[in-house]
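J.: In case it helps, TrEMBL gives these features for our protein:
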TRANSMEM  44-61  transmembrane segment
TRANSMEM  81-103  transmembrane segment
TRANSMEM  115-132  transmembrane segment
TRANSMEM  144-167  transmembrane segment
TRANSMEM  179-198  transmembrane segment
TRANSMEM  218-238  transmembrane segment
TRANSMEM  281-303  transmembrane segment
TRANSMEM  352-371  transmembrane segment
TRANSMEM  401-422  transmembrane segment
TRANSMEM  434-456  transmembrane segment
Amino acid sequence: MSTKNLPLVSPDTVTQAKDATILKDLDGEIPQHVLDDIHDHRRFIWWSLLFLNGSVLWAYYSGLSAQDYYAAKFSAADFNFAYLTTPVSTWPMFVGHALQLFFGWDKKINMWTRVMVGYVLFIGCALIILAQEAFNTSPSTGATLVLLSLGMIGAINTLTESAFYALSALFPDSSFTTAIQIGNGASGVINITLSTIIRLLVGGTSPAPEDKASINSVSFYIFFSILIVVCVVAMYLFTRLIKVDGVKYLLERNDAETRRRAANSETLGNHLARLWRITTVIMLPFVAQFIIFLVSLTVFPGIGCSSGFQYAAGASWANWYCAPGIIATYNYGDFFGRLLAPLLLTRIDLKWCFGLTWLRWAFLVLLLIGLPGADPVTFAGPTNSLFVFQDARAFGQFWQLFLNVLIGLTNGILSTITFALGPRLVPQEDRESAGALMVLALFFGISSGATVGWQFGANHWFGA
């Protein structure tokens with residue numbers, strides 16, 4: 001049969017017809033058959049989102065968790081490496097996400113491509129960090145390569161973590177956003193726990209000074225090799241997740257809405273006006289999300305770790321007090337807070353959350369009364385006028401650990417509730433953008449808080 005006279009149908013025509021079918025119920029609810037499919041695959045979707053966001057945070061935590069290695073390897077670098085790790089790894093997250101959100105770059109690349117490219121780049125960063133150790137680079141060269149990699153990991157979060165938050169916001173209920181949040185907390189818990197176990201297995205509690213370099217190196221190789229494996233598993237899992245019919249529908253519906261705006265020639269001004277309109281609706285959880293992480297990263301981990309080193313006065317347990325001590329107490333508190341949050345969703349509304357986020361500034365004062373303070377030149381102490389545990393220093397050590405549990409617990413509860421409820425204040429077609437705006441507040445809070453915390457140490461405020 002001849003096909004010469006058959007009408008030609010362009011791919012654009014097919015796409016437009018498909019979009020019209022999807023968009024005909026755009027202003028209505030999600031079709032029942034889609035809801036049924038999401039329900040049937042609920043467990044797989046929930047655990048997949050948990051693992052995927054956990055894997056992104058695993059890359060971030062892995063870059064920051066090897067502090068023992070960094071301290072030994074880069075002590076002779078031409079710059080103060082320790083003070084630069086936090087701002088270098090956090091600000092690229094915020095700047096990158098802000099640029100892609102404001103200019104709509106996230107809409108120009110489909111979600112599968114963003115996620116796959118992100119994980120490939122994570123693996124590349126891990127290989128660069130491992131290569132500077134394998135080739136025994138100079139301290140300054142190695143430190144520069146690691147800082148560049150940490151900055152890239154932060155920037156790559158704008159491709160991956162923001163995509164997962166945006167995906168979770170498309171679902172009709174908040175449980176899938178909660179999965180993202182629990183994945184965040186679980187990653188921190190597993191990361192610091194595994195790091196501690198590796199340190200114990202490789203070097204024990206008190207390794208000989210001459211063995212520390214090789215112990216740090218072996219632990220370092222193991223830790224970053226695990227990161228590469230996690231990234232490969234995440235790539236496979238995400239590919240399976242987006243093939244679930246219910247998930248596929250939500251993504252196609254969101255993409256169709258994006259193409260509709262493009263077809264209507266949405267200008268940059270219209271795009272920014274739409275983002276502002278959404279922001280005004282979600283303003284309460286948006287600001288709360290920023291304050292939550294501003295407070296958390298201002299007080300954690302610097303003040304607690306400084307307290308440990310000052311209490312220890314050169315004793316070998318100082319490094320263990322900071323990590324896993326301070327790091328683990330916060331991470332475990334944060335994880336259990338995220339587990340508790342779904343139980344409190346119907347008991348704490350957004351106004352309560354907003355008020356409680358501001359009350360958390362009390363943690364700064366409570367931590368400072370447990371910080372002895374040390375002179376930055378002579379290291380003599382205590383120099384902090386707020387310090388109250390001079391005659392009960394053992395209790396002061398416990399006090400700082402206990403407070404970090406509470407800081408993590410409240411961070412987990414409040415950040416999960418505000419993120420779960422925020423995007424659901426707007427219609428379905430605006431939820432991805434609302435989720436992206438909430439991520440913007442989250443990243444800005446992390447970056448700002450980490451910078452304030454860095455300044456505490458760099459300027460020795462209150463003897464930190």
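Numbers here mean position along the shown chain, with the first residue as 1.
Just so it is clear, glycine is given a Cβ too, placed from its N, Cα and C backbone atoms.
Note that the structure is predicted; figures quoted are calculated from it, not measured.
Where in this structure would I find these features, and how exposed are they?
T.: Here the transmembrane segment (44-61) has long-range neighbours at 38, 89, 118-119, 122, 125-126, 153-154, 156-157, 160-161, 164-165, 167-168, 175-176, 179-184, 186-188, 190-192, 227, 230-231, 233-234, 237-238, 240-241, 244, 246-247, meaning same-chain residues at least 6 beyond its ends whose C-beta is under 8 angstroms from one of its own.
Through the fold, the transmembrane segment (81-103) approaches residues 60, 63-64, 67, 70-71, 74, 143, 146-147, 150-155, 157-158, 162, 268, 271-272, 275, 297, 436-437, 439-440, 443-444, 446-447, 450-451, 453-454, 457-458 of its own chain, all at least 6 residues removed from its boundaries and within a Cβ separation under 8 Å.
For the transmembrane segment (115-132), the list of distant contacts is 55-56, 59, 62-63, 141-142, 145-146, 148-150, 152-153, 156-157, 159-160, 163-164, 220-221, 224-225, 227-228, 231-232, 234-235, 238: same-chain residues at least six beyond its ends, Cβ to Cβ under 8 Å.
Outside the transmembrane segment (144-167), and at least 6 residues removed from its termini, the chain residues within Cβ reach (under 8 Å) are 49, 52-53, 56-57, 59-60, 63-64, 70, 74, 81, 84-85, 88-93, 95-97, 100, 106, 111, 114-115, 117-119, 121-122, 124-126, 128-129, 131-132, 137, 177, 180, 247, 250-251, 419, 432, 435-436, 438-439, 443.
Non-local neighbours of the transmembrane segment (179-198) in the same chain are 45-47, 49-58, 61-62, 65-66, 164-165, 168, 219, 222-223, 226, 323-324, 327-328, 330-332, 334-339, 341, 412, 415-416, 419-420; each lies 6+ residues outside the stretch with a CB under 8 Å from one of its CB atoms.
Tertiary proximity for the transmembrane segment (218-238) is limited to same-chain residues at least six positions away from its ends with a CB under 8 Å from its CB atoms, namely 48, 51-52, 55-56, 58-59, 62, 65-66, 68-69, 112, 115-116, 119, 122-123, 126-127, 129-130, 133, 194-195, 198-199, 202-203.
Long-range contacts of the transmembrane segment (281-303) within its own chain (CB-CB distance under 8 A, at least 6 residues past either end) are made by residues 90, 322, 326-327, 330, 350-351, 353-354, 357-358, 360-361, 363-364, 367-368, 371, 400, 404, 407-408, 411, 414-415, 418-419, 421-423, 425-426, 434, 437-438, 441-442, 444-446, 448-450, 452-454, 456-457, 464.
Nonlocal intrachain contacts for the transmembrane segment (352-371), taken as residues 6+ away from its ends with a CB within less than 8 angstroms of a stretch CB, comprise 284-285, 287-288, 291-292, 295-296, 298-299, 303-304, 306-307, 310, 384, 386-389, 396, 399-400, 403, 406-407, 410, 414, 417-418, 462-464.
Within the chain, the transmembrane segment (401-422) has long-range Cβ neighbours (under 8 A, six or more residues past its boundaries) at 165, 174, 177-178, 180-182, 185, 282, 285-286, 288-289, 292-293, 295-296, 299-301, 304, 325-326, 329-342, 344-345, 348, 350, 353, 356-357, 360, 363, 366-367, 370, 434-435, 438, 442.
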